[in-house]
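Pulled from TrEMBL:
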TRANSMEM  35-55  transmembrane segment
TRANSMEM  67-84  transmembrane segment
TRANSMEM  96-112  transmembrane segment
TRANSMEM  132-153  transmembrane segment
TRANSMEM  165-186  transmembrane segment
Amino acid sequence: MEAFLVSSFAVTIGEIGDKTQLLALLLAARYRKPIPIILGILIATLANHLLAGLFGQWVVTQVSPEILRWALGLSFLAIAAWTLKPDEIDDQELKTGKWGVFMLTLVSFFIAEIGDKTQLATVALAAKYSSLTLVVAGTTLGMLIADVPAVFLGKVASPNFPFHYVRWIAALVFAILGLLVLLNLASV
């Protein structure tokens, strides 16, 4: 259960102000079709985070525990620093063409998550915890907790939401996780 809760919390906090949350806001503001947008987010996140989780669990079998501890700890610290940088996205790239809103969302979210801090967090969490299912379920829930309200709020909340405060809190959470792992106070 710890894997699920930590994964959910870390990704929810890390997703606030992230480019995929901004993408959800832009898609909702432009197309006003919340159900296909949410389904696209769900499926893209499940697929992306499953692949990230599988990679994280493979890494565990290839690297010694000491190297893994340092890699995970430093990864969490890097994610903490990365979280402080606001993301931007160009809404001119959001044209549906013949794909429709669902496919546009699915493809856009899957691609936007490649190499993103929440994907890297999923790799690190899957390397830390033995349950791939709980990590992927937790990180996916975390994405939905952060992105579904953005879909429903659309443009209304985006200019007024204090993303910078949440980014600092998220950075602090990732920094604490990194330090706990580096100081060997959390198991790898």
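Cβ coordinates come from backbone N, Cα and C, glycine included.
Note that TrEMBL annotation is computational and uncurated.
Here the transmembrane segment (67-84) has Cβ contacts under 8 Å with residues 14, 59-60, 117, 120-121, 123-124, 127-128, 167-168, 170-175, 177-182, 184, 188 of the same chain, all six or more residues outside its ends. If one looks beyond the transmembrane segment (35-55) by at least 6 residues along the same chain, the residues whose Cβ comes under 8 Å of a Cβ in the stretch are 20, 24, 27-28, 100-110, 113-114, 118-120, 122-123, 125-126, 132, 135-136, 139-140, 143-144, 147-148, 151.
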